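The structure under discussion appears below in the form of structure tokens.
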């Protein structure tokens with residue numbers, strides 16, 4: 001994957017690992033608590049726990065954070081890619097790493113679903129993390145947990161608040177192409193359809209608005225916003241003309257433009273201020289501020305960045321708990337892109 005960091009991390013000799021355990025756990029815990037918008041959370045109903053790897057793989061969280069931070073430092077866009085990868089995983093079958101499974105002659109995955117095809121990225125970063133963790137703790141850390149923690153660490157690396165990720169997910173042996181096509185919200189949706197798509201996953205309207213704020217980072221493909229910049233009237237004319245420079249009426253489907261033209265690689269609330277100025281890139285973005293029921297929440301987040309960052313972290317914690325596999329369900333994959 002272009003732009004993915006392959007920076008080598010030197011780990012301590014095995015005899016030193018236990019000696020460093022308390023220190024490392026303290027570092028990770030302090031970092032999480034400093035950046036977290038929530039108290040330490042365990043998801044008892046799903047048998048998830050923030051301390052799941054404390055004894056089984058004490059270097060797991062530090063390893064993930066180190067490699068994610070390096071990848072985002074090398075290519076800031078990777079932060080949005082890893083966040084999106086987690087979102088697209090959790091909205092289909094729950095947070096089970098099904099999105100990471102490659103198609104084979106006998107297996108159909110989710111990566112070629114319309115919302116994912118030619119746009120999902122970050123797979124190699126996750127695989128690199130898995131390789132390191134398999135060296136440290138073979139068969140212990142799931143790909144689903146790696147993806148959940150990597151999404152959190154990506155947001156933090158770009159300036160957002162963290163959240164306490166419950167751990168103990170297991171990896172699926174199945175995927176759902178049809179689920180990816182039906183359950184992932186499309187950039188063309190109107191407000192009512194957006195609300196319905198998120199309510200299907202138990203999110204409130206306010207949580208939907210907060211999660212949409214993830215578009216304060218990342219890029220969109222021309223094919224997903226062409227109709228908006230050429231056909232819609234509730235769009236700033238100067239902004240539309242600027243977007244048209246990189247997205248012609250015909251061709252250039254994969255040309256990229258920032259979802260947040262103001263600060264595309266900083267996790268802030270500029271996305272919401274842009275909506276008020278009619279500078280939402282996707283139709284679904286601008287629907288959040290179009291005279292409907294979500295206008296007031298957009299205004300709240302536009303004027304109170306800390307409120308947005310806090311609400312986003314809480315909504316992400318909820319999303320990371322969507323229908324995980326636990327206990328004896330699923331498996332711990334040795335390689336994230338295929339079942340054992």
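All residue numbers here begin at 1 and follow the chain in the order shown.
In case you wondered, yes, glycine gets a Cβ from its N, Cα and C as well.
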Site-mate of 216, 260 for Ca(2+) 2 in TrEMBL, selected among 206, 253, 268: 268
Cβ within 8 Å of the mean position of the Cβ atoms of 216, 260, 268: remaining residues of the chain near Ca(2+) 2: 213, 215, 217, 262, 263, 264, 266, 267, 269, 270, 271
Residue pair residue 268 (Ca(2+) 2 binding site), residue 84 (site 'Transition state stabilizer') - Cα distance, angstrom, rounded: 17
Check: same-chain CB within 8 A of Ca(2+) 1 site center, minus 89, 92, 94, 96, 98, 110: 88, 90, 91, 93, 95, 97, 99, 172, 175, 176, 179, 180
Proximal but sequence-remote residues of the same chain as residue 143 (disulfide bond) (Cβ under 8 Å, at least 6 apart): 97, 100, 126, 130, 171, 333, 336
Sparsest-packed among the binding-site residues, when each Cβ's other Cβ atoms within 10 Å are tallied, from 94, 185: 94
